[in-house]
Amino acid sequence: MATLKDIAIEAGVSLATVSRVLNDDPTLNVKEETKHRILEIAEKLEYKTSSARKLQTGAVNQHHILAIYSYQQELEINDPYYLAIRHGIETQCEKLGIELTNCYEHSGLPDIKNVTGILIVGKPTPALRAAASALTDNICFIDFHEPGSGYDAVDIDLARISKEIIDFYINQGVNRIGFIGGEDEPGKADIREVAFAEYGRLKQVVREEDIWRGGFSSSSGYELAKQMLAREDYPKALFVASDSIAIGVLRAIHERGLNIPQDISLISVNDIPTARFTFPPLSTVRIHSEMMGSQGVNLVYEKARDGRALPLLVFVPSKLKLRGTTR
């Protein structure tokens, strides 16, 4: 069975582009030649959407999952990390024969009364929690967890990753490390920054003035890095919270005329496809974000099937991939 990923690889485009072309997204700005190539490949591989497969087979799904994304849909275009999570959800639902409804919180929830379970991707608002719990108690958070919530969760051990990056730099003889990151809530540090600051101070390699926080975008990374580099004294080793931010940081460093990694080095998180093609290629922590989506589906499905009462927290594996932005 062909998948969106198969089409994206053969067409040489991103998953986001394939998804938007096949869904006839009117806001997509792409060459007609590219659209035709994607459609031809989809036809050649006999790709069918999940709804088309259901019509063709006449199958009736016993399970129905509602996936709610607590962010703007545009974020999937700017950060492939989130698109990969959604792709993992969609692929696993197709594999298990589960009916799936996707929706974005800001667009409102669909009028669905009977669901097997709900996946919430990203940190939920209190209103979203209340709406979801009114539909079912089989809820799984993805890319977020909260001890004591009573719900399943699939997440990344970001605190461990932050410590791993600090230890890597310390083993290289670095005695001052900076941080450039984003925030999920205005004025509030995310777990990467919190763990970085706490562990870095313990190891005496972090200063308060070397912590920079903005948004999770390349433009934010660019602006923050420019501000940092404008100072006479700045850290020569950086932990950047995501690859998307790091792309902007790289641009600011290049514009400053600095050599990477001789003058300044950096490590980011996610290992998006673009990370291998930056200049120099990004050293980054690979996150199996597609697995986060598929494992979320598995937890909801397994709880519905077996009646498990205790909530589970699953951390997906990660691996530091050293490339050209570190010594």
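Using N, Cα and C of the backbone, Cβ positions are placed for all residues, glycine too.
Note that the structure is a prediction, hence the values are computed from the model and not measured.
Ranges compared are 4-23, 244-263, 264-283, 304-323, and Swiss-Prot records DNA-binding region for 4-23. When DSSP labels each residue, the DNA-binding region (4-23) comes out as 16 helix, 0 strand, 4 coil, counted as helix, strand and coil in that order.
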